[in-house]
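Q: Among the features that Swiss-Prot reports, domain 'Disintegrin' is placed at 2-83. Per Swiss-Prot, disulfide bond is recorded for Cys5-Cys34, Cys5-Cys24, Cys16-Cys34, Cys16-Cys29, Cys18-Cys29, Cys18-Cys24, Cys28-Cys51, Cys42-Cys48, Cys47-Cys72, Cys60-Cys79, and the stated evidence type is experimental evidence.
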Amino acid sequence: SPPVCGNKILEQGEDCDCGSPANCQDRCCNAATCKLTPGSQCNYGECCDQCRFKKAGTVCRIARGDWNDDYCTGKSSDCPWNH
């Protein structure tokens, strides 16, 4: 079935889905189009801060055991596994 903008479920073709325009609390997401607002790079993720990717080298996951710290790439909102 085609994606439904406004159902709070991120579906194919949508950048974001924060619900209806009346209920959306996400300034990074255009609730009417389910696309990021102008100037926004992201709306969630360990490497997203105020609609922008965190700088490359920002720690996003602290080392545990034999694993090293994980760092943001500056190009994605996801925190990659760097070990």
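Cβ atoms here come from the backbone N, Cα and C positions, even for glycine.
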Q: List nothing but the one residue from Cys5, Cys24 whose Cβ has the fewest other Cβ atoms within 10 Å; the candidates are the disulfide-bonded residues.
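A: Comparing Cβ neighbours within 10 Å for the disulfide-bonded residues Cys5, Cys24, Cys24 has the fewest.
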Q: For a three-state summary based on DSSP, what are the helix, strand and coil counts in the domain 'Disintegrin' (2-83)?
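A: In the domain 'Disintegrin' (2-83), the DSSP-based counts are 0 helix, 13 strand, 69 coil.
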Q: Which of the disulfide-bonded residues Cys34, Cys42, Cys79 has its Cα nearest to the Cα of Cys28 (disulfide bond)?
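A: For Cys28 (disulfide bond), the spatially nearest of the disulfide-bonded residues is Cys42.
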Q: Averaged over the whole of the domain 'Disintegrin' (2-83), what is the pLDDT?
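A: Over the domain 'Disintegrin' (2-83), the predicted model scores a mean pLDDT of 95.
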Q: To the nearest Å, how far is the Cα of Cys29 (disulfide bond) from the Cα of Cys16 (disulfide bond)?
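A: Cys29 (disulfide bond) to Cys16 (disulfide bond), Cα-Cα distance: 6 Å.
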Q: Quick check for you: of the disulfide-bonded residues Cys16, Cys18, Cys34, Cys51, Cys60, Cys79, which have their Cα within 10 Å of the Cα of Cys42 (disulfide bond)?
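A: Matched disulfide-bonded residues: Cys16, Cys51, sequence order.
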